[in-house]
Every structure is written in C-alpha cells, then in structure tokens.
Amino acid sequence: MQSQKTSTPTPDQIRRAPKVLLHDHLDGGLRPGTIVDLARETGYTGLPESDPDKLGTWFREAADSGSLERYLETFAHTCAVMQTREALVRVAAECAEDLAADGVVYAEIRYAPEQHLEAGLTLEEVVEAVNEGFREGERRAREDGNRIRVGALLTAMRHAARSLEIAELANRYRDHGVVGFDIAGAEAGFPPTRHLDAFEYLKRENNHFTIHAGEAFGLPSIWQALQWCGADRLGHGVRIIDDIQVAEDGAVKLGPLASYVRDKRIPLEMCPSSNLQTAAAASYAEHPIGLLRRLHFRVTVNTDNRLMSGTSMSREFEHLVEAFAYSLDDLQWFTVNAMKSAFIPFDERLAMINDVIKPGYAELKAEWLFQQAAATPALASGSATPQA
Ligand SMILES: O=c1[nH]cnc2c1ncn2[C@@H]1O[C@H](CO)[C@@H](O)[C@H]1O
Ligand SMILES: [Zn+2]
C-alpha cells in the first residue's frame, strides 16, 4: 500500500496551516470594494474603475509592468483613499481580518506614515489609527475563531528625506504596536546609505529594521544594506543569486556576500509573485527561492502586495508547492524561519513556534492517517482480516 504521507499539501491544508508573514504593505493589500467605498466617502475621483472586480483586475494588470517604478505607480490610488483616521482604521482592521482568515497567525505589516498626511493627519495620528485598526481586526478575527497577532513596521520612502524622522517615530512607538522600521520605493538611484543616519540612530536605540534591497538593483544594494546600514533582514534580497555560481555538474560556489548572508542567517523576505510582476524573476519555477531553500539560506515566503499581485500567503505557498513539489515539512520550515526572524521578543517567537506553528503542522501532517482509515471501510467493519 502506498503511503500518503508525502503527498502534496492540498489548497485546503495550506490555508489551514499556520503561516507567518513578515513582508506585506498595508497600502498594497486593500480590498477592491473598500477602495471604491473610501473613494466615494472621501471624494477621491481618480480611480481608473468604479466596479470592485474591474478595479481589482486593473491593479493586477497595471502592476504587471515588468518594472518596479511602474509597479509602484499603482500605489497613488491606494494612498489617495488612506488619508483619514477612519479610512486607516478600516484598512488596517480588514488587513488583520483577511490575513487571519487565510491562516496567518503572525504578521508584520508595513506602511509609510509620510504618505498619509495629505488631509492633515499628523504622523502620530496615522500610527495610532493603524494600530487601532490592527487591534480591531485581531478582535474580529477572534470572534470568527481565528487567531492572529499583528505588528507594524514603519517605512520611510527612499526617494524622500524623512527617514530619520520616521525612525524616531518607530522608536517612540516601539512598545505601542510598532516592531521595526524599513525603507521602500524605487531602489535604483536611491541606495540604502542615503538613509545611514536613520539606521545608525536605530542601532544606537537597539531597535530593529529591514531594508528593501536586491529587488530592482543587485549586489551593491544588498552589500550596503548589510555592511553599511546593518539591516537585520533583507526585503526581497533575490539578487543575492548573482553571488552564487552553479556549475554544470551542480557544484555550487558562494561568493563572499552570499556566504555572509547564509553564515549569518540573514533572513530573506522573498515575495515570488511580486518579483514576477517587476521582472526580478522570470517564473515561479525559475525563482531563486528554489536554489536558496536547497542551500539552506534563511528563506521566508511573503506576499508583498496582495492587491497588486492578487495573492495571499496561501496562494504564494500554492505556487511554490506547484513549482518545487514542496511538502508540509517545507512549508513548516519556511514558517519557522519567518517566526525566528520576526522583530518581537525571543520568548514570544519561541512560544509561537512551539505552541502554535509546530502543533498546527503536526496536526496537518497526521491527517493522512485518518484519511486512509476512512478510505478502507472493509477493514473498519471487520469483514476483511488483514494478513499479518
Ligand atoms: O516591492 C516593493 N519594493 C519597493 N517598494 C515597495 C514595494 N512594494 C511597495 N512598495 C512601496 O512601499 C510603500 C509603503 O508601503 C508603498 O506605497 C510603495 O510605494
Ligand atoms: Zn515590499
């Protein structure tokens, strides 16, 4: 009899598996229907479509542009409707609710407070509104029987000049819903060292940060993020592949930067679908995540922008299962990697791994046993005696 133990996880199992998300933009994950509602309520007339389904399609297609710069243009519409306290609370609450319904148990959601000041909110009011929304979403998730914990990462835009101010904001809200800092936006022409003062400040404060690096620009960006700025994690980091040589016989040689990233267990926040849209990778099967996972880099799987990529954590896992035949053990490995790399305290990360993630996967991994028993009713009724 063939064991089902190693069979491919089903979409339903993937959805029920506990998942951890470290790289997801608040302004890249709105429900299309919410964008339409908020545009009406706030008087924003610039939306390209007014029907939610068509608007969702518009975002996916417009973001499917082959360039990070064009991909980022779509955020003008989401940021436009996220300018009031009520809008931010709603978007954040729905974010937590949607992630929890998808089986995400821990998420770090990022956004750039400086992009939400157009209607007169202060930076503090933006952070407090988003925090309120996350708490509301966690509460609604509990009511629905789901469990999720959400922390915020404050992003500074790399083309702008407010990074030190945003880093100070992140530090001030450190024990109040904010768990770290990030820089995002166009990468080419805006190297991480442009914001060195912000990173040096956070290091002096013993605070945590990640840097978008190695997405639309290569090794120099990753090198700066790590060796000049001291990033705890890399947002994307896919281009680390440029420092890895695979010979025809399969022998692998890591260059000095790739060795450093692997040796120091630098977490890579990989976002496969987003990378296909910005042409940082050609297909799921060719995405560097396959090789990096085999080489035991500290790889994590993320959504980046659920709206623009029409994705979810479950969808990202499904794509990878299809491309690389990953098992539940592989999905657990990605999830434990992500939890180890989170910015919350060590004891909480450990409890999440031991008390939530491992038991969740253990339960899923045991399902084949019971499915098999149910599929052989003759044995259960005793009419067929198994041969010893
Ligand atoms: O993959 C990405 N690379 C770089 N920047 C990004 C990416 N996704 C979103 N943003 C940028 O981050 C801002 C704050 O959330 C978004 O408004 C968008 O401009
Ligand atoms: Zn991102």
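From the backbone N, Cα and C atoms, a Cβ is placed for every residue, glycine too.
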Among His116, His195, His208, His212 - the residue TrEMBL places in the same Zn(2+) site as His23, His25, Asp304: His212
Cβ-centroid neighbourhood (8 Å) of the Zn(2+) site, His23, His25, His212, Asp304 excluded: Asp24, Gly28, Arg110, Asp182, Ala184, Gly235, His236, Glu269, Cys271, Ser274, Asn302, Asn305
Cβ-based neighbourhood (8 Å from the centroid) of the substrate site, residues His25, Asp27, Gly185 excluded: Leu26, Gly28, Leu72, Phe75, Cys79, Arg110, Tyr111, Ala112, Gln115, Thr155, Ala184, Asn305
Using Cα positions only, nearest of the binding-site residues to Glu215 (active site, proton donor) (His23, Asp27, Gly185): Gly185
Listed binding-site residues among His25, Asp27, Gly185 whose Cα sits within 10 Å of His236 (site 'Important for catalytic activity'): none
